[in-house]
Amino acid sequence: MSCCAAGSEGALDIEQAHHRLASSEELWLASRDLGEGLRQTDLSVPAVHCGACITTIEGALKALPVVERARVNLSTKRVSIVWKEEVAGERTDPADLVSAIAATGYEAHLFSTAGEPNDELRNQLIRAVAVSGFASVNIMLLSISVWSGAEAATRDLFHWISALIAAPALIYAGRFFYQSAWHALKHGRTNMDVPIALAITLSYAVSLWETIHHGAHAWFDATVSLLFFLLIGRTLDHLMRDRARSAITGLARLSPRGAMVLTGETGREYRPVDEIRIGDRIAVAAGDRIPVDGTVRSGSSDLDVSIVNGESAPRAVGPGDSLQAGTLSLTGSLVVEASAMARNSFLAEVIALMEAAEGGRARYRRIADRAAQYYSPAVHLLALLTFLGWGFYGGDWKHALLVAITVLIITCPCALGLAVPVVQVVAAGRLFRNGVMVKDGSAMERLAEIDTVVFDKTGTLTVGRPRLVNRGEVDERNLVTAAALGAHSRHPLSAALARFASGPAPALGDVRELPGAGLEAQTAEGVYRLGSRRFACSADDGDAAAEGKSEVVLSRDGCELETFRFEDMLRPGAANAVSTLAAMGHRAAILSGDRPAVVAVLARRLGIARWEGGLTPKEKAESCGRMAGEGHRVLMVGDGINDAPALAAAHVSMAPATAADIGRQAADFVFMHESLRAVPFAIDTARRAGRLIRENFALAIGYNVIAVPIAIAGHVTPLVAAIAMSTSSIVVVANALRLNWLSGAGPEQAGRDVAPGTSEVRLAS
Amino acid sequence: MNTLVFLIPIALLLGGLGLAAFLWSLKSGQYEDLDGAAWRALNDDDDRPGPQSLHR
């Protein structure tokens, strides 16, 4: 069992990883209802790599009473869990599932898998590939005996059998091309599928005619193997298609559906958010989200404003402060006076920004589509000219038709149809093995074009979680006391302290939380206070806040016992990634919602010249748009909800797996491992893939340059066509596979990112 | 020529069997987890037949 990720790399990951586990609310919404009180949740577990991992995770999950079935899929590194909605009358908290996995030392992330596990079209395509593969192999066998010189009667018999096999295969497997071609023609357009549909239909018709008239040449083998190769390309292409994104609906989910409105002196009424008018007073309890923009009338609290600025540090608010919709009140109750309607509130603005930005990205045209735009008219024209040329020149219109059809068969974009998808699938596989998920094939094309990389600060360049800096200096007893106190609060600094709880917790009696200040406990030894220096010792804050560092003070009866200092730490590989990007010739920039002074310190440390701080989500998206306006292609790397509009607005985007749900969905790439070196690695892979795609196009076109004149001259027999088509396809596929062979700067450079599934680890088990 | 009368149907039948076997294995979800299956063969903690696959 020692081989498992919980060992070598896992230990590091647990320490560093950012266990921002998915909330139970998110999990409920993401789970699928299977009926009969059962639900299914699919989680991504990037660290699984061996049999022991499977046993550990499945064992841990099956030990829970709520779990009906659990199965780890090692290929996709996911676990699907079927769980009961209630056990013994108690509603299940799906967060228990995630924490059960976390307890075994594996990180689990939530992925919205809408329609992914049972992709009907994918299965149809694979079945069509199987059927056309079967047909082409059998027809090819018959053709070979014909080519080797079968006598006339046998040849006719073989042609008839081929015709019988080809017809159903053509209808069953060719329907994708017919449908697509028909669809294009109906709208007065032409696409790659029009010449394909024409070529397979015409070649079948001519072959049948030849067979009926005891002709020597039939093209059934070419027809069906053409279909086979094209379907392989089509299937791979489908696997790389953009998955439907639901980032916007995810964002809308963050806004509460209703709020408690105070009417008159004592009345309380629960109203839907849409019916809240400006001036209404709303009661917000601890743990609630603010429903609409407003101003605090009474009460105080610590507010989680990560949706606005991406920071984990909460903001203390009191009467008179203004609040944005969607932010979360952590510690206290507030009475808020609404200052905007729900549809004009902050959250609605962010949603509108994302809608606008996502529309912009849809305008990108994939390389294959751009190629098809020129390719198919050229092919049609060539075939038509050949037909007319031979007709007028030779006067034999039947022969002219035959030659024109061979031109269509020969030019059929077999290699061209495989050129792009094979490379993208190989590249996506390589990225996946190194912990980067690709959500969309066209994203890889866009990633290869970028020249500027824009980072978010908190959660992207830094881990976004406070870390105790002076762990070695503090007294263990004080730490235990502070941890026990901290467990009573949702404040991130308290939560960070609470992780140090060990052994029996000291008796603390009654613990009170004072919003915006800290925690207080009455004990026999005196009054313990944990919080800001001003609160704990009634002294000044000093300059800790100015330096961008945060501290928590533990005091007894007003005397300082201990100061805990926290700092956000750099994400591993951040400095390395930034310098690698600079070496690759990319400009780097930081766009952050945090205070400018803090951003400046970080930018200096990483050597990034261009930075902006204190940005709202809207300004981030605008800043991305401005760089695009200057002619730059921007890669946005960010994690927060506040980055989502910028992620959608950028040319291409990446998010860590620890990102907020919305950030992950808005991004084109998601990197699973902790290190930021995934960014240069992904860019490098995308570049290589782009180069291979261009090479493949060159090969496919080179093949046409040789083959087309032969076809136009009328020298192409079925044997020549079969050899030419297969060779060109094989060459293109082999070229794409070079991406794996030439992995020079690949996994080594990515260092620790490599999934620990390598041979020496397996030997150790 | 006479042997062909037997051989070709036999060849097609065998090929068809292969195709049917592939389609069946695809349908029953045997390609869902290629790496995991290799490891599961080594698991010896549970001799009972496992629960049915989660994937349809």
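All positions are counted from 1 along the displayed chain.
In case you wondered, yes, glycine gets a Cβ from its N, Cα and C as well.
Summarising the annotation, TrEMBL assigns domain 'HMA' to A:39-109. Taking H, G and I as helix, E and B as strand and the rest as coil, DSSP gives the domain 'HMA' (A:39-109) the counts 21 helix, 25 strand, 25 coil.
Per TrEMBL, transmembrane segment is recorded for A:125-145 (among others). Same-chain residues lying 6+ beyond the ends of the transmembrane segment (A:125-145) with a Cβ under 8 Å from its Cβ atoms: 154, 158, 161-162, 165-166, 168-169, 172-173, 175-176, 220-221, 224-225, 227-228, 231-232, 234-235, 238, 718-719, 722.
Residues annotated as transmembrane segment in TrEMBL: A:157-178 (among others). Non-local neighbours of the transmembrane segment (A:157-178) in the same chain are 125, 128-129, 131-132, 134-136, 138-139, 142-143, 145-146, 150, 193, 196-197, 200-201, 204, 207-208, 210-211, 218, 220-221, 223-224, 227-228, 230-231, 234; each lies 6+ residues outside the stretch with a CB under 8 Å from one of its CB atoms.
Under 8 Å from some Cβ of the transmembrane segment (A:218-236) lie the Cβ atoms of residues 122, 125-126, 128-129, 132-133, 135-136, 139-140, 142-143, 146, 159, 162-163, 165-166, 169-170, 173-174, 176-177, 196, 199-200, 203-204, 206-207, 210-211, 405, 409, 412-414, 417-418, 421-422, 424-425, 718, 721-722, 725-726, 729, all in the same chain and six or more residues away from its ends. As annotated by TrEMBL, transmembrane segment applies to A:218-236 (among others).
TrEMBL lists A:374-393 (among others) with the feature transmembrane segment.
Residues 192, 195-196, 198-199, 202-203, 206, 219, 222-223, 226, 229-230, 232-234, 236-237, 239-240, 366-368, 371-372, 375, 379, 382-384, 386-391, 441, 689, 692-693, 696-697, 699-700, 703-704, 707-708, 710-712, 714, 716, 721, 724-725, 728-729, 731-733, 736, 739 of the same chain lie 6+ residues outside the transmembrane segment (A:399-423) yet bring a C-beta within less than 8 angstroms of a C-beta in it. Annotation comment: TrEMBL describes A:399-423 (among others) as transmembrane segment.
Long-range contacts of the transmembrane segment (A:697-713) within its own chain (CB-CB distance under 8 A, at least 6 residues past either end) are made by residues 371, 382, 386, 389, 403, 406-407, 409-411, 413, 415-416, 419, 720, 724, 727-728, 731-732, 735. Marked as transmembrane segment by TrEMBL: A:697-713 (among others).
Positions annotated as transmembrane segment by TrEMBL: A:719-737 (among others).
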Please work out the mean pLDDT for the residues of the domain 'HMA' (A:39-109). 82
